[in-house]
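Taken from Swiss-Prot as is:
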- 78-98: compositional bias 'Basic and acidic residues' (COMPBIAS)
- 106-119: compositional bias 'Basic and acidic residues' (COMPBIAS)
- 127-141: compositional bias 'Basic and acidic residues' (COMPBIAS)
- 292-319: compositional bias 'Basic and acidic residues' (COMPBIAS)
- Asn194: N-linked glycosylation site (CARBOHYD)
- Asn340: N-linked glycosylation site (CARBOHYD)
- Asn449: N-linked glycosylation site (CARBOHYD)
- 71-146: region 'Disordered' (REGION)
- 229-250: region 'Disordered' (REGION)
- 281-319: region 'Disordered' (REGION)
- 2-22: transmembrane segment (TRANSMEM)
- 171-191: transmembrane segment (TRANSMEM)
- 204-224: transmembrane segment (TRANSMEM)
- 255-275: transmembrane segment (TRANSMEM)
- 347-367: transmembrane segment (TRANSMEM)
- 390-410: transmembrane segment (TRANSMEM)
- 424-444: transmembrane segment (TRANSMEM)
- 455-475: transmembrane segment (TRANSMEM)
Amino acid sequence: MWVKSCILLSLLAVATYGQAHLKYTKEANDPEYVERHVHSQGHGHAHGGHGHAHDADGGCPYAKAAAAEAAAAAAHGHAHDHDHGHAHDHGHAHDHGHAHDHHGHSHDEEDIHDHDHGHAHEHHGHSHGDHGHFHGAEQTRKAAKQVASEYQYTGALSFLNDAKTRLWVYGISATLLISAAPCFILMFIPIQANTSESGPLLKVLLAFGSGGLLGDAFLHLIPHATPAGDGHGHSHSHGHSHGGAGGHSHGAHDMSVGGWVLAGIIAFLTVEKLVRILRGGEGHGHSHGHSHGGEKKETKETKDKDSKDKDSKKEKECKKDEQTIKVTAYLNLAADFAHNFTDGLAIGASFIAGTTVGVVTMITVLVHEVPHEIGDFAILIQSGYSKKKAMLIQLVTALGALSGCVISLLATDADALADAAASSWVLPFTAGGFIYIATVSVIPELLENSSFFQTIKEIFALLTGIFLMYLIAIYE
């Protein structure tokens, strides 16, 4: 009897296990069940304790089946509950994408492989980052090498590798170039001396020079002597005309600039008057000798007393005119020397600020000096100098620019020195001298013995000189 009972229990256990296994297999291969189970998170959490225990053992189906068999041997109801939990846990395993794989070991390998692959990917990304860092460092080294080799000279120019030496060479060379370039242009002017044949062209050049002097004074020197914020300060002074020391101070500064311009005019007038008094009736009629040589011979050969008196009067008048023009030439050279001195200060300070700034300043000063030097050349020719001698005297004024450049390069604060010179009495005083030379000494020469067509050319030349200075003032 008990043997039959044991056999019956064994058959019941086998049937229960087979039913559970069949249920497991069916549920695992049923897509609808899997989909329902994946979305039913609440039911899974109800068996969370048991399910997590199965997750801890690696999610192996055989381990779960063994546990189900042991539970079935204890009680039928618990076996059913566990089977249901097992099925749910298996559904959880299906979330990993391995619901159809009954080999949990292979799943672990795949999971490990995935992890290793992710790690390898991260490592690859890290390597890529390292490569990017290396690429950036390489670019930095190339840029540094390019900057370092920008001023690398070899051979005869190797001395320019020293920054201080290079600064001096650039500054002095730029100053010499500015002084020599106008002389190169003067070589092509078809005037050799002050003769009657070259008179019309010389007057046109004098008109051009006077326009350059006036434009330089009113459009360059005087504006540079006035502070940059002058317009704003002026309106502010008018707005507070009853109140303040600030407006009074600005008005005093305006008066000082105009006062120095007047001082320059009066100083040049005084010097010319003193030279005339000291030299008296003496005159160096070098130019007169060229233009009136025939009249001299005629005076010596003629025995008529009236003719001698007329010729002597004409000669004295010409000598006085030449004497006046000579004094004007000297005064113009003095003013040009002072002007070139301030240009030299600006060139030195600009090269200290940088090579590019220095080159731009050099070009600006060069364009500014060309019409100015042509006018000086015409005044020197008019005063009796030959073309060669006038060009050599023009080079003497370059000493002013050289001295200004040297002082600027030696100064501890070249920018402050250049700004101080620009805002001091030097520029307005020089402007007054240029105004005096143009209006008192040069323009009166244009009023004598000119035809209508010659007058048109002279006025056009005068306006051209002013317009060139205007263009330079705009783009400076």
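If you go along the chain as it appears here, the first residue is 1 and each next one adds 1.
Cβ atoms are placed via backbone N, Cα and C, with glycine included.
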Contact set, same chain, for the transmembrane segment (347-367): CB under 8 Å, 6 or more residues outside the stretch: 167, 170-171, 174-175, 177-178, 181, 401, 404-409, 411, 414-415, 417-418, 472, 475-476
Beyond the flanks of the transmembrane segment (455-475) by 6 or more, those residues with Cβ under 8 Å of it: 200, 203-216, 219-220, 223, 364, 367-368, 371, 375, 446
Non-local residues, at least 6 beyond the ends, that sit with Cβ under 8 Å of the transmembrane segment (204-224): 189, 191, 257, 261, 339, 368, 371-372, 374-379, 381-382, 422, 427-428, 430-432, 434-435, 437-439, 442-443, 445-446, 457-459, 461-470, 472-473, 476
Annotated stretches the transmembrane segment (424-444) and the transmembrane segment (255-275) touching (3 or more Cβ pairs under 8 Å): yes
Packing count at Asn449 (N-linked glycosylation site) (other Cβ atoms within 10 Å of its Cβ): 10
Residue pair Asn340 (N-linked glycosylation site), Asn194 (N-linked glycosylation site) - Cα distance, angstrom, rounded: 27
Asn449 (N-linked glycosylation site) and Asn194 (N-linked glycosylation site), distance between Cα atoms, whole Å: 16
In three-state DSSP terms, the structure that Asn194 (N-linked glycosylation site) belongs to: coil
